[in-house]
């Protein structure tokens, strides 16, 4: 995750050679998103093929079983929400300064927890008061870290109250869609015994279609003028590859743990990404960033020690138990090792 943060930053800020017109401008971000989804889809098909011993007939049967219309339609819900979320965030960036945008978007930590409690069976019992306090500390810590790492001249400066209101509504709505889509995907993954890679294929098909549609809806004229792969360098391809791998890893995390674990991992990625940027980039950590980093670490401890005790046992549940007890944790570890 640290690699993703660092590579994405460099891919959008690294200066291009002025004497080479072919790479004098940046790549088109929507094309990178599409290629990332396409790569994930292909990798999942490859994984499914490997489990079918590379037999063409077995692979086709597996794909036919995976791409059942109802199942694909069911997973098009989070795909559509993620597409809506991305467009809302793009709009918010034009209405808010970068610091307000980054800090407000951290509401997704709390919305994820709220949707988990509302939608995941047993989540309410596991979310003790101490764990809620831990999530509040995590949100505050990430906000401090983000406000420190975001410079004042980034993004668009809103000059009117109307613009700021629209921007805030967009960010808050995106935070809600992020939380709901993540928890919905978790419910689908854990609600049946369907293979993880089959679920990724089912989600990948609408993602690829929506991603391609988004390219020509938002950047069709740019693609026509400059070309689909205009501005692509080794670094940009690295971003696409790392993002695709990261997306598959997120699915594994959600399957065998939960979305709250994902928020903790993302928060640590922000801290570690800033630390890496301090070494390879121009970021200089200050007191605000230090307080944010300490807050994230403290939140992990508070959340981790706040689990309820299991009946008949004297030990607390693991920090990120994923919603199962007894032998479930051991089973999930074995499943991950088999991946």
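Just so you know, glycine gets a Cβ as well, placed from its N, Cα and C.
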Which range of 102-122, 165-185 is transmembrane segment in TrEMBL? It is 165-185
Test of understanding: applying the rule of at least three C-beta pairs under 8 Å (pairs 6 or more apart in sequence), is the transmembrane segment (264-283) touching the transmembrane segment (132-149)? yes
Outside the transmembrane segment (197-217), at least 6 residues beyond either end, the same-chain residues with a Cβ under 8 Å of its Cβ set are 28, 30-31, 33-34, 37-38, 40-41, 44-45, 47-48, 51, 62-63, 65-68, 71-72, 74-76, 78-80, 82-83, 86, 185, 188-189, 223, 228, 248, 251
